Ligand SMILES: *[C@@H]1O[C@H](CO)[C@@H](O)[C@H](O)[C@H]1NC(C)=O
């Protein structure tokens, strides 16, 4: 019976299977709700999560509550959180109809605002920005609910003496992109976002440095390789939000000055070269940028390493997220009129891998044989007052709460994957994992 079922599932989902993108978009937004830190609103749908980390404070007592827990843990890492907000905003700007069709536009805006409200709090003065709350080792040595945690949660900032250009510039990009999202919805909020975006960009550009050197925290879990790509990316988003040509000129000049053509092209929280080239191609239609994005997508389609079952394999960590980000860029390229059919097919095939084309879903709570023991602390805990500790971590039972919509890290290079909490490389979830993936869903929902 079991074998027959698997065979049938394999047949049904093979080749050109259709998936309920509306539901998947709604689920992905539920994942972001589950990641919320701070005081939860009355309309919170993920009700097994409660208020938490209400004492998150800056070094001078500033209120730093809110924002998102990063992954399966409870540190608030500003850099990947900002990238997440930028990417989510980009998807809402370009694929709004995909969200509307899923009756999720409002929730998508809320997901963005949950991050941007927090960034506004973190920007305590013109050249002062909190980029992290919580500390990796203290946090990771404990297993339980965020509502119950008692470890110290220090806050770390950048300022003029200890700058962090990639952090400030990516946050500027997030606020600028979100200002476009809210322009016709809440113009005063949009203006506030843009004011902070301009200031943070100026901060990033004026005081150059790497944020991992500035934060003085345990081992920058998200150390970025360089800040130059973020400066270009931030300037482009400032241009998109303001139409001020000086930002575009700056972006193009820095792109040349930094020799960005030589950078690692894989789009992620750390790498924004290809995404910058894509935006420059869309904005300027100039040949060098168009060529770059074309060869990137062509490489993804026929040059990049693949797993035997067809996933483009770019990185050990978060293999699915890397594929989703690539798919997202190629969907954007398709919309810019570049080889649309081939690039959309590529994106559809990659997302299909995630949703179940191989007979297995990699999205929690969705489809055939989805992950059930994801490396995610809060959903691994039963409701209070039951205890939750390392015993729950080691349990072979499924997580008591279904973390709907979360995309797991994903398989290794031979499609191997184990649904176990200890395998945080392949079976953790993260805010940035879902961002490009969610944008793909919205785009595919419009085709
Ligand atoms: C479109 O992309 C496919 C796959 O990369 C490639 O084989 C084909 O030559 C491209 N077509 C054009 C017109 O560039």
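Even glycines carry a Cβ here, placed using N, Cα and C.
For reference, TrEMBL has these:
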SIGNAL    1-16  signal peptide
DOMAIN    21-441  domain 'Glycoside hydrolase family 9'
ACT_SITE  419  active site
ACT_SITE  428  active site
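Non-local contacts of residue 428 (active site) by the CB criterion (under 8 A, 6+ apart in sequence, same chain) comprise 71, 72, 374, 375, 376, 408, 409.
Sequence-distant neighbours of residue 419 (active site): residues of the same chain at least 6 apart with a C-beta under 8 Å from its C-beta are 371, 372, 373, 374, 427. Mean pLDDT across the domain 'Glycoside hydrolase family 9' (21-441) comes to 97 in this model.
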